[in-house]
Every structure is written in C-alpha cells, then in structure tokens.
Amino acid sequence: MIPLSIRVPASTANVGPGFDSVGIALSLYLHVVVKEKSNKWQVIHSFDESIPTDDKNLIVSTACKVSPSLSPYIIEVTSNIPLTRGLGSSASAIVAGIELANQLGNLNLTTDQKVQIATNFEGHPDNVAASILGGTVIGALDGKNVSVVRIESKELGVISLIPNEELNTDESRSVLPDVFPFHEAVKASAISNVLVAALCQKKWEVVGEMMERDHFHEPYRLELVPLLPSIRKCAKEFGAYGTALSGAGPSIFILTPYEKRQEIAEQLARVFTSMKVCELEIDHTGITVNKEERIEL
C-alpha cells in the first residue's frame, strides 16, 4: 500500500507579456511516492542519469532545506513533464519538495506559506504558484513579499508544441537585456496590464492579441526559437486565440477555445512534424496529496 503520494502539475509562465508574473497550471504531472524509511535518501526514477538519486536530487534537497531535521526515506518519482522545455519541470520539483517536507515533517504549512517558500527558491512566483494553486495565477515578488491572485479560465483549451531540443533557462535568460529603455518598459507594462484585465474578464480574443505583443522577452529569444512566428501564424489561421513562448522556451504555448483544442492540435501536428504537439488542459486543482496509511516518523 502506498503510504503517501504527491502530485504536482506542470506549468507555463509569462503567457506573453506577463513576464515572471503570469502562470497557468497544465495537465502534465510529477508524481512522488514515499516508499519507506531508510538510513539515507534514495530517489528511484527512470530519468536521465544526470538526475541525482540521492539527497542532491532537487526534490530532496528542497525538502531538507525546508525541514533540516527530516528523516531520510526512499521515494519514487515519475513524471511526464518534459525537462528543460519551458513547462515548469524544476518548479514542480521544488513544489513537490516543499510538500514532502510539509507532510513528513508535520509542518502544517498554509498555502500562502508554500507559495512564499517556493517563490524564494525559484526566484519568481509564476510557475510555482500555478503548480500549487492550479488555474491561472498572477503574482508579484517585491523583495521578500509575494502577492498572488488566482483566477479561473475553464473556457480555455491549451496546446503545447514541444521540440526535441532542450533549452536551459540560464541560456535563455542570457539573451535578455540588462537594461530596458523607459519608454519600452511603459509600453510593455501597458500590454501586460491589458492581458491581466482580459484574463479576469474572460475576453479571450483580447488575451490572444496581448499574448502576441510582448516586449519584455520574446523579441530577444526569437533567435533561440525561430519557429515561433510561423507557428503563431498557423495557429491563428486554425482558430487559436494566441500563441507565446512557454516560459523561457523552447516549447510553444497556445490558447484555444476549449471545444476547438483537438481540431487545432491535429492541424498543427500535420504542419509541424518535427515537434511533439500535445493537446492539454488547464489543471484547476494544483498540488494534491494522497495518504493511504500513516507514515512512521
């Protein structure tokens, strides 16, 4: 019998101009199952050999930072979230680690505390808040203070186009400018403001328009994801609301009318054969914990 299992959804961040602020939880998942107590941490997984199987694993190292006195366990980790593709794989691991510490250490963390801790680890709230809360989130980090608002977007469908190539977040951030001209910042901020207002009022056509008018990061990352303009053009012709980079890339994130998501995904798959086209849904639940028997502490 499984004593404890944790499920964390993937996420997409930015949604165009909502840079490091807007996130959406997606229906791809990281699962952590606690097996038994051990004399040292062991992580069972079938990922690449570069992913640690001891206390250096991101899930375990996060848990131990949150609760340094945590006893070691054997855990099993499975996931269908692609690594280093802009779908929040590291954020999901951080969120899983915080919940692992919360459960095994009996910390009784509130949701707000989990979001605060996760944001401190990740450096921005968009991915982690989406994975914790589910749905669409808008967040801000000001010094050490995190503010997050969650909204529902059940009328939306999601398509992700995932390339075979990885793109490290640090590499993707390295192409961004160190200094942003004031007039460009004003323009970019205004577009982001309209995006958020449109999300709240469910004006999906406006959401799609604003998604495609980012000034903060996409113009600088186009050299790393050259297919974005052609994917954006085709998606719009097929009936999508809007297309943007998923997080730092290289995956592409498309919002569609919910009832058209399958049709649009099939059309895109016929055109962009070198990419994996995934018809997804917005996860509205966020992190879930399943306890089937008491854990020996």
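Every residue gets a Cβ built from N, Cα and C, even glycine.
Annotation note: Ser90 (ATP binding site) sits in a helical segment as assigned by DSSP. For Ser90 (ATP binding site), the same-chain residues lying six or more positions away in sequence with a CB closer than 8 A to its CB are Leu58, Glu122, Thr169. Summarising the annotation, Swiss-Prot assigns ATP binding site to Pro82, Leu83, Thr84, Arg85, Gly86, Leu87, Gly88, Ser89, Ser90, Ala91, Ser92 and lists sequence analysis as the type of evidence.
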Site of maximum Cβ density within 10 Å, from binding-site residues Thr84, Ser92: Ser92
